Amino acid sequence: MSRTPQGQRASLDKQPHEVAAMFDGVAARYDLTNTVLSFGQDRAWRRSTRAALALRPGERVLDVGAGTGVSTEELAQSGAYAVGADLSLGMLYAGKRTRPAVPLLAGDALRLPFADASFDAVTISFALRNVNDTDAALRELARVTRPGGRLVVCEFSTPVNPAFRTVYLSYLMRSLPVVARTVSSNPDAYVYLAESIRAWPDQSALAARVAAAGWGRVAWRNLTGGVVALHRAVRD
Ligand SMILES: C[S@@+](CC[C@H](N)C(=O)[O-])C[C@H]1O[C@@H](n2cnc3c(N)ncnc32)[C@H](O)[C@@H]1O
């Protein structure tokens, strides 16, 4: 764990206690910081995630790494029963305060507190990148999903246009930490954000890992030119 006068950030080996402590530190202003740093795009990305899941009223959907429940709340708009799970009690408490109606519980993506085949759909938004064993998390998501159930992973990815990619990477490494200093309760966490995005597999590499974890019909769609990608799959 790195510490500075402003706060703390996880290292890229993503030990769960470090990740949880880092998110505890950003929880108070998480929703606002996200919207500022993404220029308001986060709302559109969440709507696209809900659409990709094609939820029907009465279905059960699990949102892993739900944080403050901002992604879970969006899913509930479909009429499905949406429940969120997260490792950071700070994020969960912030969510309980701001979204008391959203069901949120403590749970680790690597050991979800649910029986096999409990859900019609599972999703994970901007959280898979933070789990220290990506492949084990994808297998655990498959375990709690019924056969034929759906997965959508919403995660930062690799912009497809080379010129845009250069501008974006410069924003990520130089401007984003500066902007975060003015809005976030733990700006150092946003240095980790930039580093972890750069180290994350691109669209096709992530698709291969989803397929290897027990998911079929894997496909992806780029949002905002590939700043974010939605990976879809169906439980074999
Ligand atoms: C960037 S936030 C995303 C929150 C929300 N899904 C959203 O779309 O804004 C990432 C969340 O993943 C959680 N997280 C990281 N590792 C986790 C794990 N192993 N199990 C469950 N949650 C985890 C963190 O605590 C954090 O709340």
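Every residue gets a Cβ built from N, Cα and C, even glycine.
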Of the candidates Thr68, Thr145, which one does TrEMBL list alongside Asp86, Asp108, Ala109, Ser125 as binding S-adenosyl-L-methionine?
Thr68
What residues, ordered by sequence, lie under 8 A Cβ-to-Cβ from Ser125 (S-adenosyl-L-methionine binding site) and sit at least six positions away in the same chain?
Trp45, Arg46, Thr49, Asp63, Gly65, Ser71, Cys154, Glu155
State which of the following binding-site residues has the fewest other Cβ atoms within 10 Å around its Cβ: Asp86, Asp108.
Asp108
Secondary structure of Ser125 (S-adenosyl-L-methionine binding site) (DSSP, helix/strand/coil):
strand
Site extent for S-adenosyl-L-methionine (largest Cα pair distance over Thr68, Asp86, Asp108, Ala109, Ser125, Å):
16
Taking 10 A as the limit, how many CB atoms besides its own sit near the CB of Thr68 (S-adenosyl-L-methionine binding site)?
29
